[in-house]
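A.B. asks: Structure below; questions to follow.
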């Protein structure tokens, strides 16, 4: 059986379309234009690409994008002052500080200085705590995107056996909370797990979020399982020519696709969903800020 | 094989002894007497018993106990004002608001008004978030007690398969976080879990925290597994005479003890550890408040 390919690019486009509709409605009915502020400290090339891409997507769905670029040696106090200003700016509904920060800045302190209701990355400890107790929160974008794809494919997730491989604060742990919130039986596996193949083999849903190229072979996948591959790893691709590289996930796609019922490709699976969910979180934050009903289907 | 009985009463006494030593040391070396404030609103009989018991234990280990009893119809603003006063009182290192609160009071609001560093119950969303991201936090007392017993019995928990039955915010979810922090492969099961017997059978560690009398029969337990029974359920005991009752756990003790390697009894297992951990959290909070090293073995 060939697996259904979960097309993250198409699904992300659909989510962005929904966001755009909500933005248009907020403008028309309430005179509100959702705004996302992105703060970049320093000149990390990858971060610059991400920030540019986020700004472009924000404008495309009709929202305001506010970019703040600070020197790599910006004192912490200046960064905190900027965040304070954004916290108090009613035109700004979402604030994202691009990580990683230069080493002289305390990432936890900076993230926790963002007003939790504007923390569209969902990294503030209050949001972690709200998610961890089943309350309304801002949910980290990547796991939210995975959840949306799983709900779209399965309808209800209740009672399904889900295995999350990886226990990062950004993906693995919040993913487990979200799956638990949707009533999966959730197992969190990681580098210390004794018999990972056995753990993965019993899962109806496998979310791989480790960052190790193709570490999950197809024969670990239960026949018919849904595989969500969060990994984006660049590896050498000599077959494409000397010095060439290609992107692969944490799952060996070719062999896993032979057994899975559904699978996300890399690239074009989870990746495109992350920015779409950032936009979704921003429109959700804008609605909450004005005590308006949240857009359906765009939150956990 | 007969299971080792994990004697919670004896272990709790040991923990209280360690706490008492730290309290004596804090007094002698630093002139600090750790203080625990307990707030009781209304006259719920069970809550009154708990509060009295907590106060007595607090004094027994040499700490200051501050009891605040408020009328059942106390306005929320008055309760919040009291908490604010306790937050700012340097003699108070731990604050516990006895739950449940009368219906006119917003429990989440009240709990989240406690200064997180004094929140010895570990229920403040900041503490949930800190625990959920592997940072230093105040850890809820019951799961902390379970963790201490597991560490005492196993030494390292790394790589063990742990199953937590129940996903409450007070026990199940923080227990899962603690086991994950100690590098178990953690599965959270609950009422929607499809094949609970099968899930429990693969566990090296079973933590049952559901509140359903004897719902886990012995034949679900893997040979040699460690069973931590958090349930305390009162059931009819006609064999003791008409109208008599007895306490049982969530696990069928007799049959489970035949297969388990180690098991906590009910009563006398997890129960006594909860107050001991409350005292441990208070002494930890007192140390942190003065930037002193935390007592070893009394925190997660």
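Keep in mind that glycine also has a Cβ here, set from the backbone N, Cα and C atoms.
Remember, TrEMBL labels are computer predictions, not curated facts.
Checked TrEMBL, it gives:
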BINDING   B:166, B:167, B:168, B:232  NADP(+) binding site
DOMAIN    B:6-121  domain 'Tetrahydrofolate dehydrogenase/cyclohydrolase catalytic'
DOMAIN    B:140-288  domain 'Tetrahydrofolate dehydrogenase/cyclohydrolase NAD(P)-binding'
A.B. asks: Report the same-chain neighbours of residue B:167 (NADP(+) binding site): residues 6+ apart in sequence with Cβ closer than 8 Å to its Cβ, ordered by sequence.
C.D. replies: B:173, B:188, B:190
A.B. asks: Identify, in sequence order, the residues in the chain of residue B:232 (NADP(+) binding site) that are 6 or more apart from it along the sequence and have a CB within less than 8 Å of its CB; answer 'none' if there are none.
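C.D. replies: When sequence neighbours closer than 6 are ignored, residue B:232 (NADP(+) binding site) has B:247, B:249, B:266, B:267, B:271 within Cβ distance under 8 Å.
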A.B. asks: Ten-angstrom check, please: count other Cβ atoms within 10 Å of the Cβ of residue B:166 (NADP(+) binding site), all chains counted.
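C.D. replies: By my count, 23.
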A.B. asks: Given binding-site residues B:166, B:167, B:168, B:232, which are under 8 Å from chain A when comparing Cβ atoms?
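C.D. replies: From B:166, B:167, B:168, B:232, the ones near chain A are B:167.
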A.B. asks: Using DSSP, break the domain 'Tetrahydrofolate dehydrogenase/cyclohydrolase catalytic' (B:6-121) down into helix, strand and coil residues and give each count.
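C.D. replies: Helix/strand/coil tally for the domain 'Tetrahydrofolate dehydrogenase/cyclohydrolase catalytic' (B:6-121): 59 helix, 19 strand, 38 coil.
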A.B. asks: Over the domain 'Tetrahydrofolate dehydrogenase/cyclohydrolase catalytic' (B:6-121), what does the predicted model average in pLDDT?
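C.D. replies: So the average pLDDT across the domain 'Tetrahydrofolate dehydrogenase/cyclohydrolase catalytic' (B:6-121) works out to 97.
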A.B. asks: Just to be sure I understand, if DSSP states are collapsed into helix, strand and coil, how many residues of the domain 'Tetrahydrofolate dehydrogenase/cyclohydrolase NAD(P)-binding' (B:140-288) fall in each?
C.D. replies: 62 helix, 30 strand, 57 coil
A.B. asks: Measuring CB to CB from residue B:168 (NADP(+) binding site), give everything in the same chain under 8 Å that is also at least six residues away in sequence.
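C.D. replies: Residues satisfying the criterion: B:209.
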